[in-house]
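Undergrad: Among the features that Swiss-Prot reports, transit peptide is placed at 1-33. Among the features that Swiss-Prot reports, active site, acyl-thioester intermediate is placed at CYS126, with the record citing a curator's inference. The N6-acetyllysine annotation in Swiss-Prot covers LYS174, LYS181, LYS190, LYS223, LYS251, LYS263, LYS273 (among others). If you look up Swiss-Prot, you'll see TYR219, ALA280, ALA281, ALA283, VAL381 marked as K(+) binding site, on the strength of experimental evidence. Per Swiss-Prot, the feature CoA binding site maps to TYR219, ARG258, VAL259, ASP260, LYS263, SER284. Feature annotation from Swiss-Prot assigns N6-succinyllysine to LYS223, LYS230, LYS243, LYS263, LYS266 (among others). Residues or ranges marked as site 'Increases nucleophilicity of active site Cys' in Swiss-Prot: HIS385. If you look up Swiss-Prot, you'll see CYS413 marked as active site, proton donor/acceptor.
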Amino acid sequence: MAVLAALLRSGARSRSPLLRRLVQEIRYVERSYVSKPTLKEVVIVSATRTPIGSFLGSLSLLPATKLGSIAIQGAIEKAGIPKEEVKEAYMGNVLQGGEGQAPTRQAVLGAGLPISTPCTTINKVCASGMKAIMMASQSLMCGHQDVMVAGGMESMSNVPYVMNRGSTPYGGVKLEDLIVKDGLTDVYNKIHMGSCAENTAKKLNIARNEQDAYAINSYTRSKAAWEAGKFGNEVIPVTVTVKGQPDVVVKEDEEYKRVDFSKVPKLKTVFQKENGTVTAANASTLNDGAAALVLMTADAAKRLNVTPLARIVAFADAAVEPIDFPIAPVYAASMVLKDVGLKKEDIAMWEVNEAFSLVVLANIKMLEIDPQKVNINGGAVSLGHPIGMSGARIVGHLTHALKQGEYGLASICNGGGGASAMLIQKL
């Protein structure tokens, strides 16, 4: 060691080429070692969400940022920590037109967090809420922060119409719906997400009656879950104030009660008239809502004397051809399982976001997983799909629904051919 120390101290000119190379390699190894610290364990200490409102329904008077504030405040209160402990926040939000600058900043300050709290808004289309959790986890793992808030928010009821800037043409102007333009259209093939779902249904030979049956099952499961109190630990009430009228308190999801099973098989297909399979009943709906989780390192949980609900085990992103987005979660989920050395049989519960019934059926088919373990309390088809929120909602739901020691895997597709997946373990 004394010889090595002398070599490192000696001048470069006094060394032979061989010695110079040896010194460089020693310093490289030294540098590589110190740049790879042990990652910190990340735990979930609370997970809350607002009820999900129907399009132009019970929550339509509240912007996404207000819904986000309510979810964030609820999560911090459930965690039982001072707001000053939250060092940073990430929130998913897709349809930001007309919301004003920095939506996450609005949500965080609206929740009463300190002015000094850094905020970032994430847009990965429907995977935004989950990606926010993933990015917060990375920051916690590497020790950059020790307590964070992450989640997602969306108010599809408040998304504006737009027109192109420029001189007004003869004959009038054309307004475009930003829900469709920025949220539900495959920009590469210039088709609606539902047309992409039809393409996958054809490729995998998934018939309409299978999708209808799945949708009915989703509504049935959601109703049973609400009646059994399965959502009680995650949903916080929202008070809606209307000038000159009594306040309205929204306590439960609105969408799952708005179904007539007798009409499901009779509905016309939406995106493909001949031999189509996707209908308004077996697809998710347009909705409003927000979800938030308080994440922290295991060390921070000990310092703050809070009991973690679950730990984040692994996560991954994947991407396929844009038109094939419904099957992208298959690859993200497979990557997660491979990374941690688990088998699909080791997963007690799966949450596969129900953008369309087709998406879940395709993932069940390709992964060869037990349908009885998938979306056991319903999903986006029956509960609703506020697109920036859903990725956070399904992670939060697993956090409460799993039993101690069980693994749960949440996955969600996103426009452009992407997907995200996250594995958690109940503590």
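Just so it is clear, glycine is given a Cβ too, placed from its N, Cα and C backbone atoms.
Looking at the shown structure, what environment does each listed feature sit in?
TA: Non-local contacts of CYS126 (active site, acyl-thioester intermediate) by the CB criterion (under 8 A, 6+ apart in sequence, same chain) comprise VAL94, ASN353, ALA355, HIS385, ILE387, GLY388, SER390, GLY391, ILE412, CYS413, ASN414, GLY415.
In the three-state DSSP scheme, LYS174 (N6-acetyllysine) is classed as coil.
Classification of LYS181 (N6-acetyllysine) by DSSP places it within a helix. Summarising the environment of LYS181 (N6-acetyllysine), the number of other Cβ atoms within 10 Å of its Cβ, over all protein chains shown, is 15.
For LYS190 (N6-acetyllysine), the count of additional Cβ atoms within 10 Å of its Cβ stands at 8 [all protein chains shown].
TYR219 (K(+) binding site) carries a helical DSSP state (H, G or I). Non-local neighbourhood of TYR219 (K(+) binding site): TYR256, VAL259, PHE261, GLY378, VAL381, SER382, each in the same chain, at least six residues away, with C-beta under 8 Å from its C-beta.
In the three-state DSSP classification, VAL259 (CoA binding site) falls within coil.
Take the CB of LYS223 (N6-succinyllysine) and look out to 10 A: across all protein chains shown you find 16 other CB atoms.
Long-range neighbours of LYS230 (N6-succinyllysine) (same chain, six or more residues apart, CB within less than 8 Å of its CB): ASN377, ALA401.
There are 4 other Cβ atoms within 10 Å of the Cβ belonging to LYS243 (N6-succinyllysine). According to DSSP, LYS243 (N6-succinyllysine) sits in a coil region rather than a helix or strand.
Mapped onto three states, the DSSP output places LYS251 (N6-acetyllysine) in coil. Of all Cβ atoms in the shown protein chains, 10 besides its own fall within 10 Å of the Cβ of LYS251 (N6-acetyllysine).
Neighbour density for LYS263 (CoA binding site): within 10 A of its CB lie 11 other CB atoms from the protein chains shown.
Around the Cβ of LYS266 (N6-succinyllysine), 10 further Cβ atoms fall within 10 Å across all displayed protein chains.
Under the three-state DSSP scheme, LYS273 (N6-acetyllysine) falls in the coil class. Counting every protein chain shown, the number of other Cβ atoms lying within 10 Å of the Cβ of LYS273 (N6-acetyllysine) is 8.
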Undergrad: Could you round the CA separation between LYS190 (N6-acetyllysine) and ALA283 (K(+) binding site) to a whole angstrom and send it over?
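TA: Counting only the Cα atoms, the answer is 19 Å.
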Undergrad: Have a look at the modified residues LYS174, LYS223, LYS251 and say which one has the shortest Cα distance to LYS263 (CoA binding site).
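TA: Looking at Cα distances from LYS263 (CoA binding site), the smallest one goes to LYS223.
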Undergrad: Reduce the DSSP letter at ALA283 (K(+) binding site) to three states and note it down.
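TA: Where ALA283 (K(+) binding site) sits, the three-state DSSP reduction gives strand.
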Undergrad: In sequence order, which same-chain residues at least six apart have a C-beta under 8 angstroms from ARG258 (CoA binding site)?
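TA: Within the chain, ARG258 (CoA binding site) has Cβ neighbours under 8 Å at SER54.
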Undergrad: Among the recorded positions listed here (LYS223, LYS266, LYS273, ALA280, SER284), which has the Cα closest to the Cα of LYS251 (N6-acetyllysine)?
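TA: Minimum Cα distance from LYS251 (N6-acetyllysine) across LYS223, LYS266, LYS273, ALA280, SER284 lands on LYS223.
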